[in-house]
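Q: Before I ask anything, here is the structure I am working with.
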Amino acid sequence: MKDKLVKAIAKDGQVRIIGAITTELVNEGVKLHNCAPTAAAALGRMLTAGALMGTTLKSEKDTLTLQIHGGGIAKGVVVTSYADGHVKGYIGNPTADIEPNSKGKLDVSGIIGKNGNLLVIRDMGLKEPYIGQVPIYTGEIGEDLAYYYTVSEQTPSAVGLGVLVDKDLSIKSAGGFIIQMMPGADEMLADLISYRLEEIPSITEMISKGMTIEEILEYIFEDMDLKILESIAPEYRCDCSREKVERALASIGQKDLKEIYDEGKEEELKCHFCNKAYVFSHDEVGDILENYYSEK
């Protein structure tokens, strides 16, 4: 089943919903970073969250970055997303893997840790990006984002994120949703939705059964006048280039760049988001020194 993201409303706009199936997207990210099972679940949840949240951006030039650092062996997860639904991300330690938790599930919280913060950074081309930050609530990512929305944006929200890792380490199913109550929404409605979310199967279970994202949302919001407003194809896509990596190399400063040049060797840099390697010869390092630091 192709990945798909939809935006919807229910109950005459009292509820705003973004839902997605992200199996292929997550599989691509997990393969690029060669993730162990628990690391795959952590990165996959963050990538799914990024895809969902990125579509709330107003301009295609805007970016949304999610960071979670909890002091655990995952060594943090970073995801950057865009308005068109494409995302990229990385986990500090792709080999992070521990025993399943007491429910027999991959222990994402156990590798993320709970001693740290979740950051949401919106760069809208202004002088300074908007940064929202909350302490990690559980380390399971979905609950942390729901806590962020409630505390930092004063929007009561439910966030469901799921990643099912197969025995061959490929992603069997992945997806998620963000459900938000709009100002003035009926409190009884919020209670009803909370009850339904407790009763439904996990999102990965529903995706594995072949349900589309529309069918999943119709199941949750039965008799609530669900209206699909927009459909987007999310994907994992890195926009790195030799020019960007060259600027990153130049940004380390003249002194460090001169040391690299004086060693007389080539310099290899890898993109954090896709692991693509960029090699700069000794002469090219010299050219960068000349172009960025010579006195004009």
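Glycine too: its Cβ is placed from the backbone N, Cα and C atoms.
Source: prediction; values computed, not measured.
In case it helps, Swiss-Prot gives these features for our protein:
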- Cys238-Cys240: disulfide bond (DISULFID)
- Cys271-Cys274: disulfide bond (DISULFID)
Q: About how far apart, in whole Å, are the alpha carbons (Cα) of Cys238 (disulfide bond) and Cys274 (disulfide bond)?
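A: Roughly 6 Å, rounded to the nearest whole number.
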Q: Using C-alpha atoms only, work out the spacing between Cys274 (disulfide bond) and Cys240 (disulfide bond) and round it to an integer in Å.
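A: With distance taken Cα to Cα, Cys240 (disulfide bond) is 8 Å from Cys274 (disulfide bond).
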Q: Between the Cα atoms of Cys240 (disulfide bond) and Cys271 (disulfide bond), find the distance and write it as a whole number of Å.
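A: That separation, Cα to Cα, works out to 7 Å.
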Q: Specify the count of other C-beta atoms within 10 Å of the C-beta of Cys274 (disulfide bond).
A: 17
Q: Within 10 Å of the Cβ of Cys240 (disulfide bond), how many other Cβ atoms can you find? Include all protein chains, please.
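A: Excluding its own Cβ, Cys240 (disulfide bond) sees 18 Cβ atoms within 10 Å.
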Q: Name the residues of the same chain, 6+ apart in sequence, whose Cβ is under 8 Å from the Cβ of Cys271 (disulfide bond)?
A: Cys238, Cys240, Val245, Tyr278
